[in-house]
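Here it is, the structure in full.
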């Protein structure tokens with residue numbers, strides 16, 4: 001199913017699949033009307049929005065699927081800490097059923113808090129609260145920890161929470177796909193939305209004017225079971241299979257090729273896939289397993305000794321850092337009435 005959707009949205013040579021796109025256009029029109037109405041209700045104050053007592057940085061995208069938001073959030077946490085801030089993070093907690101707000105503590109299973117929150121906290125130990133209501137999550141976070149700036153992960157379309165800085169993350173290769181709104185295309189909002197954000201980060205090739213190029217730099221292979229750095233050659237003459245349950249699995253497979261790792265097979269799972277030992281062993285068929293860090297947080301409890309994950313770090317131009325920090329200070333002064 002995911003392969004078909006990718007062809008519909010991103011393959012310009014999809015041929016007959018464009019017939020299906022045409023059939024979906026009326027639904028995209030309805031989606032446009034509903035989302036436009038919702039935005040206008042917030043803009044006119046007919047739907048309530050709220051501002052928190054600390055600056056809010058929203059990281060998001062306008063397309064469905066992976067673009068590099070999670071590495072960007074981790075990058076921002078580290079950047080803010082280096083510059084004397086005490087950041088916290090709020091997120092939805094995709095795929096997890098709970099009411100109200102929930103604190104994310106390092107070591108909590110991904111099936112209780114979501115794979116991306118589990119990964120962010122495991123990597124950074126940042127204070128984090130998840131909840132469908134970002135305003136409530138932000139207030140719960142401030143009640144819990146003395147944070148002085150909040151990062152809202154994947155919160156671009158959550159207009160109930162007023163924000164001070166918006167950062168759009170784009171996949172450089174896919175960009176806006178066929179340029180159509182859901183479900184005929186991958187867009188949550190029109191391309192016009194890019195012009196309203198403060199910064200656009202382009203993950204990979206193809207950054208344009210007023211865009212900052214971002215690269216995901218692979219780190220050292222680590223054991224899924226205990227997180228220890230692996231010094232041995234994980235490829236072992238093609239005796240491994242690569243798996244990925246992320247928004248854009250091909251990006252992970254391409255990264256392996258770029259660093260000279262050539263597994264004997266690869267398998268793309270759905271984004272936010274709930275893994276089991278049986279499911280992975282069926283794909284692995286006795287071979288070692290290579291996976292992303294996001295996959296690893298869901299497999300740690302039953303991982304085997306020959307399962308490894310590859311962490312990545314976002315690398316962004318220094319000009320972005322300086323412009324972001326300058327804008328943050330300016331927005332802080334406005335909020336404090338200086």
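Placement of Cβ uses the backbone N, Cα and C atoms for every residue, glycine included.
As annotated in Swiss-Prot:
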| type | residues | note |
| --- | --- | --- |
| BINDING | 63, 64, 65, 66, 67, 68, 69, 70 | ATP binding site |
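Situate these features within the shown structure.
Taking Cβ-Cβ distances under 8 Å and a sequence separation of 6 or more, the neighbours of residue 67 (ATP binding site) in its chain are 61, 169, 170, 171, 174, 203, 247, 248.
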Does anything in the same chain, at least 6 positions from residue 63 (ATP binding site), have a Cβ under 8 Å from its Cβ, and if so what?
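Correct list: 170, 171, 174, 176, 177, 186, 187, 188.
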Provide the number of Cβ atoms within 10 Å of the Cβ of residue 65 (ATP binding site), excluding the reference atom itself.
19
Per DSSP, to which secondary structure element type does residue 69 (ATP binding site) belong, with helix, strand and coil as the options?
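In the DSSP reduction, residue 69 (ATP binding site) maps to helix.
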